[in-house]
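I have placed the structure first, in the form of structure tokens, so that the comments after it can refer back to it.
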Amino acid sequence: MSDYLAKINGIDDLKRLKGSQLKELAAEIREFLLNNISETGGHLASNLGTVELTIALHHYLNSPTDKIIWDVGHQAYTHKILTGRKDCFANLRQKDGLSGYPKCTESPHDIIGAGHSSTSISAAVGLAMARENLNQMGDIYAVIGDGALTGGMAFEALNHAGHIGADINVILNDNEMSISNNVGAISNYLSTLRNDPKLKRVKEDIEFLINKIPRFGNTVSNTVERVKSALKYSFIQGVLFEEFGFNYLGPVDGHNIIELMKHFKQAETIDGPVLLHVITKKGKGYPPAEKNPDRFHGVGAFNIADGSSRKTKSKASYSKIFGETLSRLAAEDKKIAGITAAMPSGTGMEIFAQSFPERYYDVGIAEQHAVTMSTGLARGGMKPVCAIYSTFLQRAYDQVIHDAAIQNLDLTLAVDRAGIVGNDGETHQGLFDYSFLRPIPNLVMMAARDAEQLQHMLFTAVNYKGPAVLRYPRGAAAGDYISHQIADLKKLEIGKAEELIKVESEMDLTILAIGSTVYPAQKAARILNENGHKTALIDARFVKPLDEEMIIRAIKNSNNVITVEEQVLAGGFSSAVLELAADRGVTLKNIKRIGVGDEFVSQGGMEEMKEEYQLDGRGILENALSLLAPAEEVNKLWPEKKD
Ligand SMILES: Cc1ncc(C[n+]2csc(CCOP(=O)(O)OP(=O)(O)O)c2C)c(N)n1
Ligand SMILES: CC(=O)[C@@H](O)[C@H](O)COP(=O)(O)O
Ligand SMILES: [Mg+2]
């Protein structure tokens, strides 16, 4: 077998290959992806599905003059390989390594940075308008998946693009999957387009007739294309994309490079927006991923032979505990409903879905709708629990304020992946939710420190009268997971903190921790006390409302205070403490705030990045000793690097 991939260092090298060579290259890239992702982890199934599509795009187009915009961007690995980044794959998604998403600072071929869904068509429209105003060159292609097409923003952009006749090409990469099974009426509609044999026959007949119409020079005229489209679609109901003002082409086999390029050529002859419907197989070429695309959507290191994970079985995740607790609560309370925005497996909501399908709603990648639909459920008398990753909840900010909080409705927002998420990097960090939710009246907001507290907090939130937010991080839950019966669940007093190490008079230090930072703070506090530094520890539990009396008492009785939160410092937990002290006229003698400063946190292992931001036990100890004692003492008390 020729090693075509070895010779590819940029797209000029790709353009030298032809016909069957491109097919062989596709096979080599698949093998490369499999070998690399099985070591580093990453978005395997989506990337295996877009190999030919990416080869065809880069072979046909002239990037970066022609612009390819990847929606979400998790499927852009072949794009990275072909644009000169093949040798960086050993460090894919690692600290300082290759990003798992398009990133403008990484390559001129990454036109639009992404990570969140359904932005590509809007960006394409903007680029097309800039091209028009500034007399620029180049074709503009947005590549969007069928899952991403469930996002409202995509439709806002289709609506606008069709209206203004933006000269853009939208490639709809339809693999019939979101992360889990795709949902919704559009998804059903796409199935009709894909599978209707009558449509196929009509299309072929019409194409035969159209080909008999005389051509003008070498190009098929725009009018002819439009007539062809109109005729083709007069045979089926609901010509969705045509109604939006797009010219629909396809469906075309997304694993056939030659056919794809033929369709790009055809798209080029059409003025105005084109939607090319491309059919691909998620996980293509790797049987375990083809069979189970959900599990292989985003993976850690695995064994290629059978797809088994290389990670030894870890503790239960917060998401799993959330899903199991919710299911137990729902068994007793028929009003509880579960809502997810296309993340049933990630949020643990699939556990609830298995037992209560009639009260479970996957709304697609539609966080705004998920929140407002939850408020409708609440208004109708249900108890909605809507689980959304912190980073994706950013999409639904106004819905939380306007639809949930002002109306003071009884719903629970379960904010998953709150804090540092690790290898997904900047776009996915859940580092802003305290800051953006804390100012909202009527909301209460708590953060779970471990497996045990998560269960009590969910019980508390579900039974709270008004909008309640419960925040918890990605990955394995701290503490032991003993699943509680409903009778054993405790309703926490709203706004009540817990004094884990008592505040007495004349403390050297009080550590105010919340959520994921409580356990590392506890380790640091223990060491400090063992070494003669009188240290108290408070788990604030609620960022809103704060336990004002306990915090004020702690501040008054401590020579030093440390706040620690897995969040940006601006507007978060420490800000709340400072506001409280200022409002009460209490002077803080010495305060250190541990958290993330005014910067985006880049990719890297979760523990590695927590260490970098001093959110681990050693980091907290180091901060404490910088207030209490000389720096050398850190190494004496905590010699090794890690927790
Ligand atoms: C706003 C937002 N919500 C949720 C996600 C999580 N997410 C990432 S990829 C994905 C599914 C995308 O499906 P599709 O566009 O069809 O791509 P495929 O993986 O099938 O290639 C989801 C839900 C996200 N990235 N952004
Ligand atoms: C592309 C995307 O947005 C998701 O696939 C995300 O990477 C999932 O993250 P988790 O692994 O934390 O579920
Ligand atoms: Mg898909």
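Glycine is no exception: its Cβ is also placed from the backbone N, Cα and C atoms.
Keep in mind the model is a prediction, meaning the values are calculated, not measured.
Residues or ranges marked as thiamine diphosphate binding site by TrEMBL: HIS74, GLY115, HIS116, SER117, GLY147, ALA148, ASN175, TYR286, GLU367. Secondary structure at HIS116 (thiamine diphosphate binding site), taken from DSSP and collapsed to helix, strand or coil, is coil. Close to HIS116 (thiamine diphosphate binding site) in the fold, though at least 6 residues off in sequence, lie VAL72, THR391, PHE392, ARG395, THR427, each with a CB less than 8 Å from its CB.
Sequence annotations record features per position, and here TrEMBL assigns Mg(2+) binding site to ASP146, ASN175. Its Cβ placed at the centre, ASP146 (Mg(2+) binding site) has 24 other Cβ atoms within 10 Å. According to its DSSP assignment, ASP146 (Mg(2+) binding site) is coil.
Looking just at the domain 'Transketolase-like pyrimidine-binding' (316-480), the mean pLDDT is 98. Feature annotation from TrEMBL assigns domain 'Transketolase-like pyrimidine-binding' to 316-480.
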Cα distance (Å, whole number) from ASP146 (Mg(2+) binding site) to HIS74 (thiamine diphosphate binding site): 14
Maximum Cα-Cα separation in Å among residues HIS74, GLY115, HIS116, SER117, GLY147, ALA148, ASN175, TYR286, GLU367, which the record lists as binding thiamine diphosphate: 32
Intrachain C-beta neighbours of ASN175 (thiamine diphosphate binding site), sequence separation six or more, cut-off 8 angstroms: SER46, GLY49, GLY145, ASP146, ILE279, THR280, LYS281, LYS282, PRO293
Cβ packing number for HIS74 (thiamine diphosphate binding site), 10 Å threshold: 26
Set of same-chain residues at least 6 away whose C-beta sits under 8 angstroms from GLU367 (thiamine diphosphate binding site): ALA341, ILE388, PHE392, LEU393, ARG395, ALA396, GLN399
Three-class DSSP secondary structure - ASN175 (thiamine diphosphate binding site): coil
